[in-house]
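Undergrad: My questions all concern the structure below.
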Amino acid sequence: MDLWQLLLTLAVAGSSDAFSGSEATPAFLVRASQSLQILYPVLETNSSGNPKFTKCRSPELETFSCHWTDGANHSLQSPGSVQMFYIRRDIQEWKECPDYVSAGENSCYFNSSYTSVWTPYCIKLTSNGGIVDHKCFSVEDIVQPDPPVGLNWTLLNISLTEIHADILVKWEPPPNTDVKMGWIILEYELHYKELNETQWKMMDPLMVTSVPMYSLRLDKEYEVRVRTRQRNTEKYGKFSEVLLITFPQMNPSACEEDFQFPWFLIIIFGILGLAVTLYLLIFSKQQRIKMLILPPVPVPKIKGIDPDLLKEGKLEEVNTILAIHDNYKHEFYNDDSWVEFIELDIDDPDEKTEGSDTDRLLSNDHEKSLNIFGAKDDDSGRTSCYEPDILEADFHVSDMCDGTSEVAQPQRLKGEADISCLDQKNQNNSPSNDAAPASQQPSVILVEENKPRPLLIGGTESTHQAVHTQLSNPSSLANIDFYAQVSDITPAGNVVLSPGQKNKTGNPQCDTHPEVVTPCQANFIVDNAYFCEVDAKKYIALAPHVEAESHVEPSFNQEDIYITTESLTTTAGRSGTAEHVPSSEIPVPDYTSIHIVQSPQGLVLNATALPLPDKEFLSSCGYVSTDQLNKIMP
């Protein structure tokens, strides 16, 4: 037996290099355990009924104890039959357990004198001289602290509903651990549950000795326990005593179980019901919703016009309806310049012989008034409205009024002037000559009061007879301005006429001597011609020198012969002042714009303020008919 102990001692001494250093690793302990098993093969198996180690534990890293079980063999249960030996690096031999009593039955207690930290230990159990169990460890690996002590709790607050509460649980570390000095660092783990539950709820590990617990129900009781372990290890110590938490009795109505209303189900069913309602609403109002989302395209509709007329293409009827309104004019644009839309009636040559523009303007004939306002526009709009473009056929004789015609054909013009004077004498002697102008006189009523009044053109038969008598008197014509030219058309559609100047009363006569007759007199026999300004001046300047014994007014055989009123009045005024005394007759107000169209035969003219006597009325280039020229020329 002593030999075997010697061999074991040698083996431990030979492996002492594995325990060199300040600490031993588990690998070294495993190798030491394997060496012991080689030396003692009987330790490999623990025969049934033999004692064995259950655990070795150090509560504070200063002391430790080891425990084992009783063997089934009754011979091993007798006191002293089982012994425990230990060995460590600094001791070269096996030593028996120093204390079998302090740690309890079947245990061995090592106080601080026999405990070395970071030093590997190997222990063995022997019975009747034979080894029954063995184990190797290090003290820091078997640390299992004692449970915390002094658990208690503190109420933090209660919810406004008096249903939930918050508490703070506190405890103290194990009294035998030197936590304050930092010899050991502990981690705590708290478990809690309701009183009637079996499953504990665990909180995360903490390194403090207090932890708050939130939202605990006041009508419940809770159990709390705490355990601890050394930091960076996995083995916890025992749990502390269970702490029972009971809240003070509150208002019974507040402590009652709050009703768990099934909000989730209500929300689900509400959404489903809303979806079904929307589906039924859309299905029942499908057409109306379709019209709201996609409204139909409105049909073309003009107030006062039947849409069927537009569909059937009856544009003439539509234009007739639109013509009723003032802001609509057929085939005209209100925004365009009126100069570009001046119309001259030159399509029908037969109408040129029916009368002058003055006769057409003042005539009772409905067709002539319509032709004036609805004539075709052959003017390009580039020239002045006061210089109308007339066909060359209408001016084949009036062209002689220019300077070149006077130089090239003086003899021919002189002969034609003689013929003109003879024709005028014959016309003056004939009785029909006096009645013809009277029948062609337009019906004009001049109303003169203290304030301007409208001038009515085209009235009833009574007014026609009165005006006929007035216009037949040559003396009355001296104070009446004739409106023979449309000088402007306002954007509202009003026609602005250009008045002529008042002329001196007198009866011009044509002399039979051919040497005093100007070539321009021959132009009066031309149809649809205009008197040029140069020829008119020459004619009027030479007219006072004609002998007065004939007393025959110059006859203008054609109605549509015009001269410019500006040149006519200027020249006539100069010649009249040389031979006659200025007339003292009261001037008649000018009527230069159309006030309203009463009927196709009636126009109401607006009277304007009388011009100053000394101010010369400068009118645009106007045209005077032959009848007016015969009556107002000196």
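Cβ atoms here come from the backbone N, Cα and C positions, even for glycine.
Summarising the annotation, Swiss-Prot assigns signal peptide to 1-18 and lists sequence analysis as the type of evidence. What Swiss-Prot lists as disulfide bond is Cys56-Cys66, Cys97-Cys108, Cys122-Cys136. Here Swiss-Prot flags 147-250 as domain 'Fibronectin type-III', drawing on sequence analysis. Among the features that Swiss-Prot reports, transmembrane segment is placed at 261-284. Annotated motif 'Box 1 motif' per Swiss-Prot: 293-301, in sequence order.
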Undergrad: What are the DSSP helix/strand/coil residue counts across the domain 'Fibronectin type-III' (147-250)?
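TA: Helix (H, G, I), strand (E, B), coil: 0 helix, 54 strand, 50 coil.
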Undergrad: Fewest other CB within 10 angstroms, which one of the disulfide-bonded residues Cys108, Cys122?
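TA: Counting other Cβ atoms within 10 Å of each of the disulfide-bonded residues Cys108, Cys122, the minimum falls on Cys122.
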Undergrad: If you measure Cys122 (disulfide bond) to Cys66 (disulfide bond) at Cα, how many Å is it?
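TA: Pair distance, Cα basis, whole Å: 11 Å.
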Undergrad: When DSSP is mapped onto helix/strand/coil, what comes out for Cys108 (disulfide bond)?
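TA: DSSP call for Cys108 (disulfide bond): strand.
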Undergrad: What number of additional C-beta atoms lies within 10 angstroms of the C-beta atom of Cys56 (disulfide bond)?
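TA: Summing over all protein chains shown, Cys56 (disulfide bond) has 21 other Cβ atoms within 10 Å.
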Undergrad: Compared by Cα position, which of the disulfide-bonded residues Cys56, Cys97, Cys108 is the closest one to Cys136 (disulfide bond)?
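TA: The smallest Cα gap between Cys136 (disulfide bond) and any of the disulfide-bonded residues is with Cys56.
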Undergrad: Determine, to the nearest whole angstrom, how far the Cα atom of Cys66 (disulfide bond) is from the Cα atom of Cys97 (disulfide bond).
TA: 10
Undergrad: For a quick check of packing: other C-beta atoms within 10 Å of the C-beta of Cys66 (disulfide bond), how many?
TA: 24
Undergrad: Determine, from DSSP, whether Cys97 (disulfide bond) sits in helix, strand or coil.
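TA: Note: Cys97 (disulfide bond) is coil by DSSP, not helix or strand.
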Undergrad: Ranking the disulfide-bonded residues Cys97, Cys136 by other Cβ atoms within 10 Å, which is at the bottom?
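TA: Selected from the disulfide-bonded residues Cys97, Cys136 on minimum Cβ neighbours within 10 Å: Cys97.
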